[in-house]
Each structure stands twice: as structure tokens, then as C-alpha cells.
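Trainee: My questions all concern the structure below.
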Amino acid sequence: MLHFIKSASNSQSWYNHDKVEICFIGRSNVGKSSLINSLSNSAVSKVSNTPGRTQLINFFEDDQKNVYVDLPGYGFAQMPKDKLEKMHQMIDEYLQNRKNLKTIVLLFDSRRGILDQDLDFINWAQQAKKNIILLATKIDKLNQAQKHKLLVSLKELNLEKSVLLVSSLKRTNIDNLKKLLASEFK
């Protein structure tokens, strides 16, 4: 079970601890908060149908004191441009400077596939030597033909073996994801 620790709007207010962290990032509305709730088996993270609701860095801990971080989504958000720029700077600062960060979990909506922004992020993470896990979310929304099309597109990008297909709603592959994340904390 995950427990909410705190929200942070800048590096001075980050959660101060000596453990490693796993962060969750992706475009707005891909299901980051829903996934955290699914991992927790409780509604520990606020969920919204409106893109861009998560605007702070949210820190959570599990019973073993492992730290999970929910980052705001990139892409669409309903906020003034200067506030959006400040939020993106906050995310960049966390990703580039956070010493506790061990693994980045990049979520993308399986209905949309991996978009250019996602590919840019994957390339940045690889160049920065960041450990990255890719999750295709909302897999329950796809029929068999759409799943096949997604897998073909992932194969074309050479990513078919490194993407886990998940559904927070149906809990598809959530237990496999928990095992994968547990191994990252070791």
C-alpha cells in the first residue's frame, strides 16, 4: 500500500530522504495517477478526466519505505503559459538533478501509441543513462486488432520487448509491474 508523503513545487520542497526513487511520467491524461492508485490498491492519488490536473511533484512511500514519485504530465494542460513553463522547468530540474532517482517509468496511452514527444523523452533518458521502463496504459480500451497494430508499431520502433501493457481499471499486468518495480528498488 502506498501512502501520500507530500507535494512539491520546487527543489527546496522535495521530499528529503536517503532511499532511491521511481518516478512516473508521461503525457497529460495517460493514467499516471490511476496507475499509482492501482499499485496502491487504494485511492491515494487524485484522478481527473481533465488533462493537466497533476501540477506538483507528488511523493508516495510504500510499507517498505520505497519512494514513488508522480510527476505532472507533459503536453496539454489548462493553465497560463507562464505557469506551464514553470511546471516544465520543475520537471526538468527533478529529472536532471534528483540524486535519489533510480528509474523512470514512462507511460503512454495505448490508444495513441508512442508519440514524438515520448520518443524524444526515451532518447533523452537513454543519452542521460537513465533507467527507463515503458508502460502502454489503458490496454483494456483496445480490441484485438488495435492491440496487434500497437504491437506492430512497437516492433517497428524496436521497443516490443521493453513495453509492458497495463490496465489500471482491469488490473492487467499490475502484479507483474509490482514485481518489476520491487526489483528496481533492490
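Cβ from N, Cα, C; glycine included.
Pulled the feature table from Swiss-Prot, pasting it below:
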- 26-33, 52-56, 70-73, 137-140, 166-168: GTP binding site (BINDING)
- SER33, THR54: Mg(2+) binding site (BINDING)
- 18-186: domain 'EngB-type G' (DOMAIN)
Trainee: For LYS138 (GTP binding site), what residues in its own chain, 6 or more apart in sequence, show a Cβ-Cβ distance under 8 Å?
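Mentor: Listed in sequence order: VAL30, GLY31, ASP109, SER110, ARG111, SER167, SER168, LEU169.
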Trainee: Going by DSSP, give the three-state secondary structure for LYS32 (GTP binding site).
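Mentor: Where LYS32 (GTP binding site) sits, the three-state DSSP reduction gives helix.
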Trainee: Calculate the per-residue pLDDT averaged over the domain 'EngB-type G' (18-186) and state the result as an integer.
Mentor: 90
Trainee: Among GLY26, PRO72, the binding-site residues in question, whose Cβ has the most other Cβ atoms within 10 Å in this structure?
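Mentor: Within the set of binding-site residues, the most crowded position is GLY26.
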Trainee: Have a look at the binding-site residues (LEU56, VAL166) and report the one with the fewest Cβ neighbours inside 10 Å.
Mentor: LEU56
Trainee: I'd like the Cβ neighbour count for LYS32 (GTP binding site), meaning other Cβ atoms within 10 Å of its Cβ, all protein chains included.
Mentor: 27
Trainee: Between LEU56 (GTP binding site) and SER33 (Mg(2+) binding site), how many Å separate their Cα atoms?
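Mentor: Pair distance, Cα basis, whole Å: 12 Å.
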